[in-house]
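Enquirer: Please find one structure pasted underneath; my questions will follow.
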């Protein structure tokens, strides 16, 4: 459906829901269920390496920081005027995971060609039960149904994206089991994120200053050196790997002689880290511009009701 298509009852309903969500007001359980059932049909048709055209704005972790997502849209432009590619970790840690992920899924439904939403390591049943999304769903809906609806939907999110055959985008990093993009295209991704193996690595690995493959301190995925990213980019005719997954104080960080960039889009992460956030604008000519931003003003934010583990990875 084009951005300027004739309104139907479905798009009018979606526009109303998006308007409600932009005010940080959650949808009903029934609305979430209907939205996610339809979203599943769209996401099912997308590739494990989803092709994306430029211009596009590439974003990193959001982690339930809804007001900062609204600030991101204010700075970068609202969908569908701006095309977006989000690289995962929409939920956990922040206070508004429900509103954040619902808004992104609603925008995906309304403008499927204008927004791409990849899976992060937090789009998982196991992780969300520890780091906040499960508890938030219980608090806001009185039961775990919405958590189950979303975690079932997460299984359908694409794992990676490819911007104009040049920029490879994913949440985490590379895998010793993956040499080519075709290796990724051949996965069955519709499952909970495994504890090990190539699908796990794509969502958990990190670039490192040391050459070769290393054991990750996270307990999942690997670290990979410049030699690995150079070989992967050469084999697959890529110019850049864009990824998220790590807090970087300036909102973005180059690695491996500008073969890899980390983008992090949650400013003052966990409401205490003091970092900037950034987004990466890629224009029609594939030129890159980083836009940094600070936290949005927050009003009436709740206190954290229960201490969550200090897992800053």
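Just so you know, the numbers here start at 1 and follow the chain as drawn.
Any Cβ shown, glycine's included, is placed from N, Cα and C.
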Enquirer: Select one of 89, 201, 209: the residue that Swiss-Prot places in the Mn(2+) 2 site alongside 121, 171, 245.
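Expert: The record-listed residue among the candidates is 89.
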Enquirer: From the binding-site residues 61, 63, 89, 245, pick the residue whose C-alpha lies nearest to the C-alpha of residue 122 (active site, proton donor).
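Expert: The answer is 89.
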Enquirer: Residues other than 89, 121, 171, 245 within 8 Å, Cβ to Cβ centroid, of the Mn(2+) 2 site?
Expert: 61, 87, 88, 120, 122, 172, 203, 204, 244
Enquirer: Using an 8 Å cut-off from the Cβ centroid of 61, 63, 89, can you name the remaining same-chain residues around the Mn(2+) 1 site, in sequence order?
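Expert: After dropping the recorded site residues, what remains is 60, 62, 64, 88, 90, 91, 92, 93, 120, 122, 244, 264, 265, 266.
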Enquirer: If you measure residue 245 (Mn(2+) 2 binding site) to residue 89 (Mn(2+) 1 binding site) at Cα, how many Å is it?
Expert: 8
Enquirer: Please report the number of other Cβ atoms within 10 Å of the Cβ of residue 171 (Mn(2+) 2 binding site).
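Expert: Other Cβ atoms found within 10 Å: 26.
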Enquirer: Note down the number of other Cβ atoms within 10 Å of the Cβ of residue 61 (Mn(2+) 1 binding site), including every protein chain shown.
Expert: 29
